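Per TrEMBL, the features are:
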REGION    88-138  region 'Disordered'
COMPBIAS  88-98  compositional bias 'Basic and acidic residues'
REGION    154-180  region 'Disordered'
COMPBIAS  154-171  compositional bias 'Basic and acidic residues'
DOMAIN    547-560  domain 'SRP54-type proteins GTP-binding'
């Protein structure tokens, strides 16, 4: 067998040689294959060397004999045979070749050419037969008459091919679309004519599946469950401290064991050089977990200052020591000194015969209205009546959203289940009104009607919008709520720091009181969408030193949790 690469060895006769060898070998030993079968192939001897060399010589000679192709000269081409006379086009004559090849012309050109062709053809056919009859007509009149006949013929064919017009004409104007699962009656869907004092007559009780609103889970009514996070114990390969004074040469098994024991035994004090590589990795890890970059740097700096010069414990490593100190610092951040106990404060306000007022503020789209409804449900299950003040008079649909939540909460806790007492009610004055005035009227209405809690919903606003921040500061300064909650989503990183700092600054700058009211607590929403990237909780509590009072974890009314600092830190430190 012989193998040759065609790119390396350029032979023009290779294909021909292979075909000739194949045919020669097949014809020479065909009978032997058919008689002996497979055994003949295994045991037979094939003398094919002389035949192959003969075929190779023939192929080489044929390759040499084949002359290279030579380009034709101009005299040998067809173009040289054309004369100048055949290239001249006379006016009125069309080239024969071009007429055959032209296709897909415009409709206008086709029509004119067809008319002209028809005119010439008809004139040529009829002139010999009726020459005497048409001698009186001029050429223009004949051409006009032929055109009229042509158009009449084509117009009749066009009328036959057209489809008949439908007899029934469609009625003008649009018809309203009727959805399969919707209600075709517009009056049922119109909620605009509602009372302005939040009366229950304007919000009829809605019948729906309670499991859909409550999540269909086994739960204890009125209990605020802690945030849970299941973290698996991770086995990490930690680097052991080696004495830098000794050369890093290859050691035997016994020397390596003594070196490891020396690094583990608590006889070494931590230096900044030992901690810097680990702290750098910790800082990148915190930033990847959505902790604001500035706060991650400050946390690592505080841990380094705390551990510098500290003697390590027995059988501990630098990584484990730094990690443990960072975990303790994070837990301490998430457990502020002042803890907000809403139920205790509501009962204290009841003893003074006044409603407990909570104001919700935050940027656009973080879930203020939704989590206000969750907190309302939690308060109702603890047997406190709630008045919802619709002070978002700017966003389209804000009042209707709260009205829908009020109907659903009333269906879950009807007055019949609470001794005829209305547990939830909406106070609204429509759109375009002063939010501070509506909040003041709602608090007065709650005091007269005996409501325990007033939840004030405000419009979402960006922290850079000075007019809206001034209006929020005015609402808080005039009504003096018991609790000001900032609603922030867990999806933000560095933005959380900017939002909280500017909200607090705006409340302080635009307040007319000597001791302005600032943010008292945080509601962290959309916590179920971030997996283990829980850094926003650290950023928010670190920058304000305010506790996270509630955590929103889903879409049902039961998806409200209290913050579990250890669970959040476990998620944060997970690799």
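Cβ coordinates come from backbone N, Cα and C, glycine included.
TrEMBL labels come from automatic prediction, so no person has curated them.
The list of residues near the domain 'SRP54-type proteins GTP-binding' (547-560) in space but at least 6 beyond its ends in sequence, with Cβ under 8 angstroms from a Cβ of it, reads 212-215, 217, 219, 224, 227, 334, 336, 338-340, 342, 367, 370-371, 373-375, 377-378, 409, 412, 485, 521-528, 537, 540-541.
Mean pLDDT across the domain 'SRP54-type proteins GTP-binding' (547-560) comes to 89 in this model. Applying DSSP to the domain 'SRP54-type proteins GTP-binding' (547-560) sorts its residues as follows: 0 helix, 6 strand, 8 coil.
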